[in-house]
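Data first, discussion second: the structure below is written as structure tokens.
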Amino acid sequence: MSIDVNNESGTEVDEQAILDIARYALARMRIHPLSELSVIVVDAEAMEQLHIQWMDLPGPTDVMSFPMDELRPPSKDEEEAPQGLLGDIVLCPEVAAKQGAEAPTEHSMDEELQLLTVHGVLHLLGYDHEEPDEKAEMFGLQAAIVDGWRAEKGLTGPSPAPTVS
């Protein structure tokens, strides 16, 4: 799996954890091991510009996903998805820090960025949360992936509760 993490935000973030949880999420979703993903960490100003440009919404947001090859998880009878370029995930640590502090289970900026990385990966794979059934499926997968990764890493305490809707 080729995953690049590029921190352009000026904020210190745990890039290794972002890389690790992205790799875990893609493996868990059975994405081809030679697929490519880019994660860019930007400041609030850059995120606001992207949010306006692509969503026509004011203010910065927490995570945006830009799919490339529209890869999907393989069906039950397929071994793995075809190789391809997944796309880009853009994260904003300033928004993540605020959301983590305000979440039902308060958690750190880095924990929020890990959750948002999984959220972004799922969006790249075609998952969405516009409808209640879609939201239940996506957030269920998101929680299972974050919980599995935390267990594998030996992290204790409650997993971060979703702050994106």
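Along the chain as shown, residues are numbered 1 onward.
Any Cβ shown, glycine's included, is placed from N, Cα and C.
Taken straight from Swiss-Prot:
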- His119, His123, His129: Zn(2+) binding site (BINDING)
Find, among the binding-site residues listed as His119, His123, His129, the one whose Cβ has the highest number of other Cβ atoms within 10 Å in the structure shown. His119
Secondary structure of His129 (Zn(2+) binding site) (DSSP, helix/strand/coil): coil
Reading the DSSP string in three states, the entry for His123 (Zn(2+) binding site) is helix
